Every structure is written in structure tokens, then in C-alpha cells.
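Asker: Before we start, here is the structure in question, set down as C-alpha cells.
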Amino acid sequence: MNPLDSTIEYLLELPAPAVLTTHAIPWCEQHGLITSRDFASNLHTALYVALFYQLCFVVGKYLIFPPFARWRKPQDTTKLVDQSAVHFVSFIQSVVVLSLSIEFLLSEFYHPRFTDPWLRIFGTDGQTSAIATFAMGYFLWDIYISSVYSTLPFVIHAVVSTVVFCVGMKPYIQYYGGVFLMFELSNPFLNIRWFCIKYSTGTNVWAKRFQTANNLLLMLVFFLARIVWGWYQIANLAYDFWVVRHDPRFLPLDSIVIVVGNLVLDVLNIVWFSTMVKVAIRTVRGIQ
């Protein structure tokens, strides 16, 4: 088992702390704040995941990036170190959820387990639950880190994403958790681009070629994962919701919020991609 799988397995197997199982969760259930046993049984893992990402952030902030920041910006290192640590965690998070999601989508049991809309909307298993738990854990951490180091729109994005995956933990549309996390395929390239901009001196010809190749891959993967795949899967999700709409387990409000939220994100992805294309065109014209 590789280090990534070992880390994921370790976090999934950590027992819930007694204070959570004997006090916090029963209190939340008594007051109607938690209504799903599946959610309650996985909450501790999501909190462990959030702590894991905070540990990665601390390692990046205090061990990895200070010497590089002092070399690149000796007069003002604090902001660069903080931003670098955030992007470092974002990169790790992408690798983790993509590992879980791709393994799920390529599994030989993937299609037999989710053959109809009812299974895709209401079904759950160990893999889909793990994907939703890790995603929720990251966005819980993202709420905190965005509140400290970023702006209000990023905080709102983190809160909305957390709510969506909280819905998924009921369980509800867990199948689509791994499906829509394919959006993350573009994030490693995006983070690499950020590090290249902040730390590259711009004088090495091979570094420039690497940046150009990474930028082209970013645009290609962004288009395929966030636009082609995103619009195709939101259509599938809307169709599945329509088919199961009379099932007593169907959640109308949650479903509307999820569809509208994904549509907004899909539209934003088109806007962002068009901006990327315009920047690329200006860059090429500038070189010529």
C-alpha cells in the first residue's frame, strides 16, 4: 500500500472521540441538528480530515516555504508563505479526492452498483461515503482558512460546498460526489501555475517551456473536466432527480439547491475558461 492510500486508510479507521459520541452528537440529535445516522457515524472522520489538512498547512507554513519565500521575496515573506501553504494544501486535497474518485469511477463494481436513478440518488457504499467524508472535511477546513487568509466570496464558496457534502452524507446523491469531484482534475495544474508565477525567476528557458506546457494542459483539462464533463453530468443528475421525484426519500429543496448551485458553477466555469483563452491569446500576440 502506497503512502497516500495508507494515510487515507488511517484517517478512515480512527475511532470517534468519546466526547463526540457521548455528548456532542446525542445533543445535536436531540435538538434536531443531526437527523441522519450515516452523517453522525462519519462526522468524526470529517473532523480528522480537517485536522489533517491543518497539519499539512502548518508543515507548509513553518517548515517548507519560509526558506523559499526568503529567497524569492526577502523583504516581505509572510504573505507569500501563507499563500504558498494554502496552495500546498489545495494540491494535496486534489490528489486525495481524485485518488478516491478515480478509483471509484474505474472500479469494476462501479456500474453494477449504480445501474438506475434510485441507486444513484439514494445509494451508498464504503467508497462513496469515504469520498463525501474527505470532501466535507476539506471544506470544513476551507471555511476556517478562507476566513483567516482570504475574502468573503471564498468563505461563501467553502460554506456552500460544505453544505452540499453535508447533504451527501445523509446519504443523498453520494454517487455524484465522485462524479463532480472530477472538477478537481484541473486544480493540480492551477496550483503548479501559481507556484511557477510566484517562485520562477523567468530566466530559465526550460522553466518557461514547463510553464507553457502546464498552462496548455490546464486549459485542456479545465475545458474537458469542468465544462464538457460538468454540463454532461448536471444533465444526468437533473434527469435522475426527475425520475425519482415521487419517491418519499426525495428531498425537493435540497435537490433544487444542488442543481441550481451546479448550474451556477458550470456557467462560472465557462466565464473563467473564456478569460483563460483571452489571456492566452494576448500572451501569444505579445510574444509574436
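Positions of Cβ are set from backbone N, Cα and C atoms, glycine also.
Annotated transmembrane segment per TrEMBL: 46-65, 85-106, 147-167, 216-235, 255-281, in sequence order. Annotation source TrEMBL lists domain 'TLC' at 79-285.
Looking at the shown structure, can you explain where the listed features end up?
Answerer: Using a Cβ-Cβ cut-off under 8 Å and counting only residues 6 or more beyond its ends in the same chain, the transmembrane segment (46-65) has close neighbours at 7, 11, 14, 20, 80-82, 84-86, 88-89, 92-93, 133-134, 136-138, 140-141, 144-145, 169.
For the transmembrane segment (147-167), the residues of the chain that approach it from at least six positions outside its boundaries are 39, 82-83, 86, 132, 135-136, 139-140, 173, 177, 251, 254, 257-258, 261, judged by C-beta separation under 8 angstroms.
Residues 160, 164, 167, 173, 180, 215, 218-219, 222-223, 226-227, 230-231, 234, 237-238, 241 of the same chain lie 6 or more positions beyond the ends of the transmembrane segment (255-281) yet place their CB under 8 Å from a CB of it.
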